[in-house]
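The structure appears right after this line, and notes come after that.
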Amino acid sequence: MSVRFSKSRSPPKHRLTQEIDGLTEDLFLPLVAGDEFEEQEVEGSEELTYTLSEAVEKIGFGRFQIKILLMVGFFTIADALEMMLLSILAPTIRCIWHLPSWKEALVTTVVFLGMMVGSSFWGWLADNYGRKTCFLPPLLLDHCFAMFSWLWNWWCPQSTTLLAEFLPSSSRSYCILSLSFFWALGSCFTVGIAMAVMPTLGWRWLLGFLSLPLLCFILMSYWLPESCRYYLAAGEKEKAVRMLQRVAKANKSEMPSGFLQDAGENGRQGRFKDLVSPEYRKTTFLLWFIWLNLAFTYYGIVLMTTEMFQGIDEAGGSCEVGNNTAKNPACGCQLLTFKDYTDMMWTTLAEFPAIIVTMLCIETLGRKKTMAIQFFFTAVCYFLLFMCSGRTMMTIFIFGVRGFISGAFQGFYVYTPEVYPTVVRALGLGCCSAVARIGAMVTPFVSQVLLRVSLRLALGVYGVMSLICVVFTLLLPIETKGRPMVETMH
């Protein structure tokens, strides 16, 4: 029997503050496409049809999206915990294992090598077998290997894709950018725990404590929904309709009248050659370079922060990072002090105002202009670090770099899922994330090795790369502000 829908009177619309009321009472109800809805026949509605994007816009933003936002936000915290660990553990591991600077950098490079392989694989898996499918396996592996490290990275960026596909265009940028708050919270939490644990219990206990939240996130992944856009692209139209009905019920909204249109390219998910097809080739290559530099610059300042706070020597106008400051008498290596942790916390807090500024600009100036401006000021702050005008000013300039590059990073997490169609959206974001890991693999050799040869040369590399990205961002052929999500390649 054909699927037909009855018309019902729309309930009063609720503001966001009203939508939050009662949210906690059913936060952990399974968000799956169930069979709670009965389909009814309506005469005279055979000609009415609607697209999936029209349905998402009609249903609007409500409690359903808020619940997904909170759960995806918790996954983002897990990602931040591990990434922030890299800069905290590097000095300690270098001490315990007696590593030269290039081997210290290699430890970080190997971590990002694993992430590069995983990002593209899980992107392909998400396009072919569903967004939800890619969550549990990497979380389980992540938790297990973190526990092994305690006794003796793998992460999937597809949470952003899943969230974006349920959001109407008017709230998409704000919701995706709000994930940055969770990232910043996770980073601050890591620094705070390290400040308390590292001086007394050591790095293994730090890994053990930070692996516990991953176990909670593994349990939470059961309640994540599958994307209705994935269902439609995979030819499972009935499941897509039921999921839309579920969203409408949770939001106390109504479905559009008529029948859901087919995606038109059923079964064509996750084909790499579509990313480099003529209509997306320029966008893809520009995005790959930009994402490479985003990770190169962001993780560069994260790793460089501890190196500069430890080894900066301002005596006599010198501006070099040495190898022999703040040594541990027992093993002759550098350790982070309480002052280092405090300054790290201040620079990490830079991400909060950066998120607010990005939110204010991205819907007024547009995606491209906002991110180009942030790249420009990232370069300016890097060049200001040339002055070496004291620890306080250095902290302020690092605060600026961290804030602006973080805003640009999150801006491209908004832009990338918007620019690609549903059939390759997860693969497109996964490939961008994989290419970004190349930049993250290279950056330790600049921020931890070249830095000790010449601080200004290392800073200059990051500044010039950021300026190049200003141009590349403006060259992107598509502005996605106010643009509905595309379902197919054509």
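Every residue gets a Cβ built from N, Cα and C, even glycine.
Look at TrEMBL and you will find 68-93 (among others) tagged as transmembrane segment.
The feature transmembrane segment is assigned by TrEMBL to 105-125 (among others).
Here the transmembrane segment (175-198) has Cβ contacts under 8 Å with residues 61, 65, 69, 72-74, 76-81, 83-85, 88, 92, 160, 163-164, 167, 205-206, 209-210, 336, 338, 341-342, 344-345, 348-349, 351-352, 354-355, 358-359, 362, 406-407, 410-411, 413-414, 417 of the same chain, all six or more residues outside its ends. The annotation transmembrane segment is assigned in TrEMBL to 175-198 (among others).
Positions annotated as transmembrane segment by TrEMBL: 205-224 (among others).
The annotation transmembrane segment is assigned in TrEMBL to 285-304 (among others). Proximity of distant same-chain residues to the transmembrane segment (285-304), defined by a Cβ-Cβ separation under 8 Å and at least 6 residues beyond the stretch ends, is recorded for 83-84, 86-87, 90, 108, 112, 276, 378, 398, 401-402, 405-406, 408-409, 412, 416, 419, 431-433, 435-440, 442-444, 446-448, 451, 458, 462, 465-466, 468-469, 472-473, 475-476.
As annotated by TrEMBL, transmembrane segment applies to 344-365 (among others).
Annotation source TrEMBL lists transmembrane segment at 427-447 (among others).
The transmembrane segment annotation in TrEMBL covers 459-478 (among others).
Remote same-chain residues near the transmembrane segment (459-478) are listed as 282-283, 286-287, 289-290, 293-294, 296-297, 300-301, 368-369, 371-372, 375-376, 378-379, 382-383, 385-386, 405, 408, 415, 419, 446, 450 (criterion: CB distance under 8 Å, separation of at least six residues from the stretch ends).
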